[in-house]
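I have placed the structure first, in the form of structure tokens, so that the comments after it can refer back to it.
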Amino acid sequence: METVQSSSSAELLRAQTHFSTQLFSFQNYASLKCALHLGIPDAIKQHGKPMNLSELTSALPIKPSKAPYIHRLMRMLVKAGYFAQENECFDLTPIGLLLLKDDPINIRALVLLELHPALLLPWIALSEWFQNDDATPFVTAHGKSFWDYTSRDPEFRKLFDEAMAGDSELISKVLVTEFKYVFEGLKSLVDVGGGNGTLARSIAKAFPNLKCTVFDLPEAVANEQGDGNLDFVAGDMFDRVPSADAILLKIVLHDWSDENCVKILKNCRKSIPVKDKGGKVIIIEGVVELEKNAGNEYAGLENLDMEMLVLYNSKERTKKEWAKLFSDAGFSDYKFIPALDSWCIIELTP
């Protein structure tokens with residue numbers, strides 16, 4: 001085994017550089033959060049063309065005495081790829097376009113959610129959690145589960161729902177264009193855990209003869225209004241799931257333990273017709289092997305798996321792990337349809 005003393009100077013320098021890059025990467029995200037709070041992406045968009053530093057600082061809600069520091073913030077954000085700089089003017093990059101508040105497809109709320117103190121504190125408590133009997137690092141940090149915390153903090157719940165909605169906009173665009181066949185022939189669909197209905201609205205619009213129902217906890221759907229072939233129903237998926245030709249679970253199961261996933265899936269199975277009559281469950285989730293074979297820069301499931309541990313003590317799953325859940329829940333047939341990088345559409349039939 002090599003030691004520091006036996007390593008070459010070049011190796012040590014590379015190691016230190018790698019370590020520094022990883023360690024200080026948080027500063028990029030903290031700076032991005034600052035940019036969102038100040039409204040920098042939207043200020044550039046509203047300007048209609050690249051902005052010079054003077055124009056930008058004048059458009060931001062900052063103290064005049066702090067204006068000289070904006071160029072240092074922008075320098076970091078340009079290096080991180082969120083903005084572009086040319087001839088002393090700043091513009092949005094394709095990544096930056098995803099940060100616009102009023103664009104339906106955006107990750108602004110997701111960024112703010114991931115950098116919210118409520119989600120950062122459990123990571124700080126991770127080592128403490130390994131040495132205690134708490135169910136999750138989130139409980140160690142806050143004294144209550146993630147879902148209890150969310151139900152008691154309306155502002156945090158709103159941010160969480162907005163983050164999930166932004167994610168659903170992109171997924172829905174792909175689903176109703178490239179994977180329409182998944183929904184063809186269905187007369188009714190229940191989106192379990194569908195939040196404010198972003199995904200279900202897109203499906204309902206694309207399939208006007210398909211009756212779509214969003215089923216979620218009362219606090220998630222209390223302020224939502226149905227329209228045409230879309231309605232909202234309050235309830236708990238651990239108690240029951242409304243009957244339909246198909247049940248949709250978009251990135252729901254990775255929030256839960258194997259035992260709870262089986263409970264959810266069994267309730268879904270009870271609510272759909274038999275296979276010969278077209279009953280099925282449609283799952284959108286990550287599959288670990290697919291990420292390993294993706295061959296791109298998507299850094300996802302290892303990081304997301306750790307987040308599932310920290311927040312819920314749940315996990316991302318392999319095909320083998322998914323198959324066991326399906327079997328335990330009484331499903332005899334399933335197929336994996338690769339969709340977005342490591343994300344899969346999984347069709348289950350009884």
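Placed from the backbone N, Cα and C atoms, the Cβ positions cover glycine too.
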Which one, ASP216, ASP227, ASP276, is listed by Swiss-Prot in the same S-adenosyl-L-methionine site as GLY193, ASP236, MET237, LYS250?
ASP216
Using the alpha carbons only, what distance in Å do you get between ASP216 (S-adenosyl-L-methionine binding site) and HIS254 (active site, proton acceptor) once rounded?
16
Pairwise over GLY193, ASP216, ASP236, MET237, LYS250, annotated as binding S-adenosyl-L-methionine, what's the top Cα to Cα distance to the nearest Å?
16
Given the binding-site residues ASP216, ASP236, which one is most crowded in terms of C-beta atoms within 10 angstroms?
ASP216
